[in-house]
Amino acid sequence: MEKFIIKGGNPLEGKITISGSKNSALPILAATLLTPEECVIHRVPNLSDIRYMLEILKFLGAQVHYEKGTVRIKSKIVHSTAPYDLVRKMRASICILGPLIARCGQARVSLPGGCVIGDRPIDLHITGLQKLGADIEIIKGDVVAHGGILRGTSINLKGKYGSTVLGTDNVMMAACQAEGTTIIEGAACEPEVEDLAHFLSSMGAKISGMGTQQLIIEGVKELHGCEYTIITDRIEAGTFAVAAAMTKGNLLLEHAPVEHMGSVLEKLKDCGASIEIESQGIRVSRSGPLRAFEIVTAAYPGFPTDMQAQFCAMATVAEGTSKIVENIFPNRFMHISELKRLGAMIELSQNQALIHGTERLSGAPVMASDLRASAALVLAGLVAENTTEVHRVYHIDRGYEKIDEKLSSVGANITRVYSKI
């Protein structure tokens, strides 16, 4: 395993280029299973989750070539089974279920892995695909599906904690080749879902209502190959924006998707950061104090749950008491115990955290538990006195492309080394 050694105290100044969106890339890669023709996808980030997905596609029979951010895929499917050893490492692997049912008429996909951040069931995926006509059951930890002829229908994907993003992806992909018209009510509106819809349209799918809670998909007989460029990652951009604000730096976030970052940028302004929209991207800086804030996570366009941990880290050094309410994944607070090791003062009650700002954090060894928690610990390390060691950084490699190199390029003192832990 590897760890980061961070010596805090340096303001971050310069330019960081934002990578392609991980949460767009994974379902888009899965969607290439819908056609035997070649798909060329640009701006694919070099992440461990991406590499896992490409390994799954190769196992299923796809020819894959990945070089310098561009993936070329030609899917000649020889297997419709994705075993546990392949899918256990990431949750988004469930995205292959819908395409396999649509293309092969059957699928066997082990229940997925990924971040451990509370209850994230796939019941809405299964319900939606069943309504299209798939016969699905869970057998020994595998989702076993027989498709037959998929037929358009009306499906509601609204769940207990809002609309399901991956569930919307799965049902939308399967519906593209179903007979007739499918109407998805309660569809997730996230930019990454809209990006997938645009990709499917480039393949010949007929989809309307993109970016809204109602998607209308008219089934077509077949989809074709295409060339497509993925949107940039709003969560990566938001994370670096928080880093600039926390370190009292000045960063230009090149190609940051400003149109997808409204709630995050507004909250940064409330906290005392300066936000300037430039031709190349977004410039984030801070000269005055960091102010306490309140956030409530919500489905897009609300405040994203994937930015909650990073703002929690920022709150530890803001003036006053901040309040965070986590409504999407109520148990997504595994970073709090580790932030406390650095001197953070945090009270946790169910899905709410009160963070009392302190003048300084003090470096210590900490353990990453999931993707966004690891980002929060790195951010805290950037402002902590002395040295912070962040262990199990394989979590952060799942969603941030070369984060240590990007931070080093703008002045951070961060080193990746081998760790026995």
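Counting starts with 1 at the first residue shown.
Yeah, the Cβs are placed from backbone N, Cα and C, and that goes for glycine too.
Note that the structure is predicted; figures quoted are calculated from it, not measured.
As recorded in Swiss-Prot, the features of this protein are as follows:
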ACT_SITE  CYS115  active site, proton donor
BINDING   LYS22, ASN23  phosphoenolpyruvate binding site
BINDING   ARG91, ARG120, PRO121, ILE122, ASP123, LEU124, ASP306, ILE328  UDP-N-acetyl-alpha-D-glucosamine binding site
MOD_RES   CYS115  2-(S-cysteinyl)pyruvic acid O-phosphothioketal
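Location within the structure of each feature annotated in Swiss-Prot.
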residue: LYS22; record: phosphoenolpyruvate binding site; CB count, 10 Å: 24
residue: ASN23; record: phosphoenolpyruvate binding site; CB count, 10 Å: 25
residue: ARG91; record: UDP-N-acetyl-alpha-D-glucosamine binding site; CB count, 10 Å: 19
residue: PRO121; record: UDP-N-acetyl-alpha-D-glucosamine binding site; CB count, 10 Å: 12
residue: ILE122; record: UDP-N-acetyl-alpha-D-glucosamine binding site; CB count, 10 Å: 20
residue: ASP123; record: UDP-N-acetyl-alpha-D-glucosamine binding site; CB count, 10 Å: 11
residue: LEU124; record: UDP-N-acetyl-alpha-D-glucosamine binding site; CB count, 10 Å: 22
residue: ASP306; record: UDP-N-acetyl-alpha-D-glucosamine binding site; CB count, 10 Å: 24
residue: ILE328; record: UDP-N-acetyl-alpha-D-glucosamine binding site; CB count, 10 Å: 21
Separation of alpha carbons, ASN23 (phosphoenolpyruvate binding site) and ASP123 (UDP-N-acetyl-alpha-D-glucosamine binding site) (Å): 20
For ILE328 (UDP-N-acetyl-alpha-D-glucosamine binding site): DSSP state (helix, strand, coil): coil
LYS22 (phosphoenolpyruvate binding site) and ILE122 (UDP-N-acetyl-alpha-D-glucosamine binding site), Cα-Cα, nearest whole angstrom: 20
Cα-to-Cα gap, ASN23 (phosphoenolpyruvate binding site) vs ASP306 (UDP-N-acetyl-alpha-D-glucosamine binding site), nearest whole Å: 11
In three-state DSSP terms, the structure that ASP306 (UDP-N-acetyl-alpha-D-glucosamine binding site) belongs to: helix
Proximal residue to LYS22 (phosphoenolpyruvate binding site) among binding-site residues PRO121, ASP306, ILE328 (C-alpha distance): ASP306
